[in-house]
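Okay, so here's the structure we're looking at.
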């Protein structure tokens, strides 16, 4: 099923122009919260993919036990080893709050783990982000947190959840999805049960769903000041061809992609570029669709080169080409003038 042309055109309007009119930071400042003792690859892939998608700055907020490894992977990332096990969330709150105020989006989950202190920091970050109306992407073990405490994000319509099969099943059980519900309708039911948050259900086809018609949709605290924020329902299937091998870190690249497009959307919302006609309430849907399309195509391009030997690192170098194939060479700037 092809993506509607009008939706593609809206996504392209969110891509910052490469014409010299923007200064550093106006193409997106992305944060990734995750990375503990055993998990350093996931936050790296999420943060690095954000840069490859075109974000200006990418930050990793992690435990000191992960910082050294993540720094060694790339000097392009800004690493903040502030999530110390011996400290409390209250101790870290001022520094974390200051850091989040400089970002356009926060991705929580890649490499987060389930250690209580990291889960508590994730809970603090979600709370701070929601209080300030910040865009969020929740993936991996951040979804474990939401499964236990769904009220953290219920009704907050500036968030995208990106569950895999196991995480999606857990969310379905929380919401109480009827087992007889058709598989392609379950994401919609979960979105409605969680108050209209965007759901990106990963699978053979990615399904993006938003349903704000339920009583749980919070129109007062959603930080969406536009006419399109009221009762809406939309489902988009992304069947862009992917590679025949799905790397373990592909979900991290997807979360980085969705987060980057949300950062683009925030810059657009703030007036850094564009005409301002796209409602802020559409940003989560557009970002989820865009991230899904480019990530799937990136997987295909990388698989064509590497086949069975494909690893996540191979995908990073294909993101720019994939982006231009999906949204057009014009989104990559006029390189011929250089």
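Just so you know, glycine gets a Cβ as well, placed from its N, Cα and C.
Pulled from TrEMBL:
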| type | residues | note |
| --- | --- | --- |
| BINDING | 111, 164, 165, 166, 167, 168, 169, 170, 252 | (6S)-NADPHX binding site |
| BINDING | 202-206, 242-251 | ATP binding site |
| DOMAIN | 7-326 | domain 'YjeF C-terminal' |
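Features as recorded by TrEMBL, highlighted on the structure.
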| residue | record | Cβ within 10 Å |
| --- | --- | --- |
| 165 | (6S)-NADPHX binding site | 10 |
| 167 | (6S)-NADPHX binding site | 24 |
| 169 | (6S)-NADPHX binding site | 13 |
| 202 | ATP binding site | 22 |
| 243 | ATP binding site | 23 |
| 245 | ATP binding site | 15 |
| 247 | ATP binding site | 20 |
| 249 | ATP binding site | 20 |
| 251 | ATP binding site | 24 |
| 252 | (6S)-NADPHX binding site | 31 |
Recorded (6S)-NADPHX site residues 111, 164, 165, 166, 167, 168, 169, 170, 252, farthest C-alpha pair in Å: 20
Cβ-Cβ neighbours of residue 204 (ATP binding site) (radius 10 Å): 6
Distant-in-sequence Cβ neighbours of residue 206 (ATP binding site), under 8 Å, six or more positions away: 200, 237, 238, 292, 296
Cβ neighbours within the same chain of residue 111 ((6S)-NADPHX binding site) - under 8 Å, at least six residues apart: 34, 35, 36, 39, 40, 41, 42, 43, 62, 66, 140
Length of the line joining the Cα atoms of residue 243 (ATP binding site) and residue 252 ((6S)-NADPHX binding site), in Å: 16
